[in-house]
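*Asks:* So TrEMBL lists the following for this protein:
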type	residues	note
ACT_SITE	TYR56	active site, proton donor
BINDING	HIS118	substrate binding site
DOMAIN	20-298	domain 'NADP-dependent oxidoreductase'
SITE	LYS85	site 'Lowers pKa of active site Tyr'
Amino acid sequence: MALTKHSQITLNDGHKIPVVGLGTYAPQECPKSLAGEAVKVALEVGYRHIDSAFIYGNEVEVGQAIREKIADGTVKREDVFYTSKLWSTYHTPQLVRTCLEKSLKDLQLDYIDLYLIHVPIEFKPGDDLFPTNESGKPIYHNTDIRDTWKAMEDLKEAGLVKSIGVSNFNHKQLELILNMPGLRYKPVCNQVECHLYLNQSKLLEFCKSHDIVLEAYGVLGSTRDVKWVDQSLPILLDDPVLNTIAKKHGRTPAQVAMRQMLQRGIVVLAKSFKPERIKQNLEVFKFELSEEELKILNGQNLDQRFVDIS
């Protein structure tokens, strides 16, 4: 089936996710207003999937942008697929709903389409979102992730979220949830770093075998945030193979990087705050890579992460 900007994948709970979304993460020093402006541009040019998170600190701006575009008739609420994420200081079952309600209040929305456990690592609960000890090491906490998942299932049953999933999980962490007694809802997706240099083929295979959608962030490399990313790593969009194929199609390297993931059945998040780029990234549906080109691109895998979340 040909991919178009209206293409969606049906999740294992029956809801549908648009295959391309706008990512809104930015380093701390970026003004939060940029995320709001990017969301407005994205909705105007045809994106219907917006990805954010409690920890990004931009849900006030993102929510306002979505509501403005609803108010001016660009979209209806049900047209917009919005994702948020449970932060690591809220894994204790009784805090899960608290985190979601903070997001809903910031967004001024009645529900969230997809709610993810952001990271399978828990920090000590409290007001400090990155708690550390005297020597600067993170202070962890040890809630069983399955108890956190039960609280996520409660949110779905309460109608506050349509779908629930995870982010940054490996197959063993996913199995913990999939094999838990009394499971009510499987994760619908696993959002992970995935790109030319980290193609996640084994994890993709595992997720597909359990009807879990793999959703990719960092598809264009990364924001190269000094806090998370080793600055000596190669710049993905400068990759010669990627550029050769892009030239052949008269496309940008970013479009080819996205198209590779889409043709592998992966949902793609593309992040840009530049109106021209936001628009350009949605033109990924105007061309197709051959099987041979896909094979060449898949061969560029280095198992190289840009984001170290451990």
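Positions of Cβ are set from backbone N, Cα and C atoms, glycine also.
Show me how these features fit into the shown structure, please.
*Replies:* In sequence order, THR24, TYR25, ALA26, ALA35 constitute the residues six or more apart from TYR56 (active site, proton donor) in its chain with CB-CB distances below 8 Å.
The Cβ of HIS118 (substrate binding site) lies under 8 Å from the Cβ of ALA53, PHE54, ILE55, LYS85, LEU86, TRP87, SER88, SER167, ASN168, each of these being in the same chain and 6 or more residues away along the sequence.
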*Asks:* Determine the Cβ neighbour count for LYS85 (site 'Lowers pKa of active site Tyr'): the number of other Cβ atoms within 10 Å of its Cβ.
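*Replies:* I get 26 for this one.
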